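Participant: Once you've had a glance at the structure underneath, I'll fire off some questions.
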Amino acid sequence: GFFQSYAVEVDVKDASNATCLYANWMMRFLITYETNSSDYKNTTLNLSSNVTHNGSVCGNDTQAALLAVQFGEGHSWSVNFTKTNETYRADFVTFTYNTNDTAVFPDAKRKGPITIVAKDTMHPVQLNVVFVCHNADFLEAENVTQIFWNVTVQAFVQNGTIGKNESGCRADAPTVLPTIANVTTASTTTLSPAPTTAPKPVENPDTGNYSLKSGNKTCLLATVGLQLNVSQDKPLLININPKTTSADGTCGNTTATLKLNDGNSTLIGFTFVVKNASASAQKFYLKEVNVTLLNRLNGSVISHADNNNFSKWDAFLGNSYMCRKEQTLEINENTQIHTFNLWIQPFLVQANKFSTAEECFADSDLNFLIPIAVGMALGFLIILVFISYIIGRRKSRTGYQSV
């Protein structure tokens, strides 16, 4: 079901049976939810083949237009449009998903409908002009990422006739894609086998600073440079650009999830959990990582990788974890994540600052090697002085005996 989604067409009529609101689009939802074991799982909700649009209204100068659809086992989505002078725009998107749908939300802890409201970022569109967005666009709120593509919509249609002029979206505008370094294709000769992984780029990714809030309080801090290594038809190394990447997720007492969206086509999720290290001490660690690459042209999934068997980046609860050296996370045989300058604290953040850092083994090696090297040099110097002293004494005794 992850790859399947249906197009929706809604044609709302007024009292005279003339079109007043028209929309045709595709969408899917990426949702993080809590299970009965207090873990967090990621799931995908797609539109079904049977969609209704009960509750959709035309709107007028004083009343907002509403586009509303219902689908699946109790799920619904709606967006309202307001008109100002000679323009219209979408204001708020309301999405309700029903965790009683066990096919999509197995073992969900919270049962029943859950509603998410997000402010839309659609720019004002002139009346009698159609809003069009071909590429995938994203809208994030709380624990839900909404993905839209192939969108055609016009609110407050005049005289029942859809406009001929179009207004584009931000996703269709020319943008700078994530850095793809040293793309290597298979050799056409029979002597050289095709490489299975992409070569290492010269430049490391930029380091980004990310945080989550619970209310007005920061609950998660992360500093990291991220690089994806994806081996498919053409092996790719992709540097995640922190300037275009947004952070979302959830904070909890025993589980926390950080979701990063690079604003182009990459979604990365990190899930941390708390374990009992001893009767009196608890530690957190990285348990799950998932990566989704989307096709910007149609929103389809190019690849999805998930590994929930990690036991890395562990530190005592109340501390942070740091590793300045490069680390590699093996998601599956085709997907890796390389991290640089990592500093993470998913629990018990105080005063918006990292707590005491527990460094990784690679960094510790460097810290130990320096004093060891200095000690070895001093030891070698002492041995040289001692040998010189012995040789000098022997020469002195030989001199006395010959006299």
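In case you wondered, yes, glycine gets a Cβ from its N, Cα and C as well.
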Participant: According to TrEMBL, C169 takes part in a disulfide bond; indicate which of C133, C219 is its partner.
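Facilitator: Disulfide mapping in TrEMBL sends C169 to C133.
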Participant: Please work out the helix, strand and coil residue numbers for the domain 'Lysosome-associated membrane glycoprotein 2-like luminal' (205-349) from the DSSP assignment.
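Facilitator: When I sort the residues of the domain 'Lysosome-associated membrane glycoprotein 2-like luminal' (205-349) into the three classes, I find 3 helix, 97 strand, 45 coil.
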Participant: Run through the Cβ atoms and count how many others sit within 10 Å of the one on C360 (disulfide bond).
Facilitator: 19
Participant: Among the disulfide-bonded residues C133, C169, C323, which residue has the fewest other Cβ atoms within 10 Å of its own Cβ?
Facilitator: C169
Participant: Give me the Cα-Cα distance between C360 (disulfide bond) and C133 (disulfide bond), rounded to a whole Å.
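Facilitator: Their Cα atoms are separated by 45 Å.
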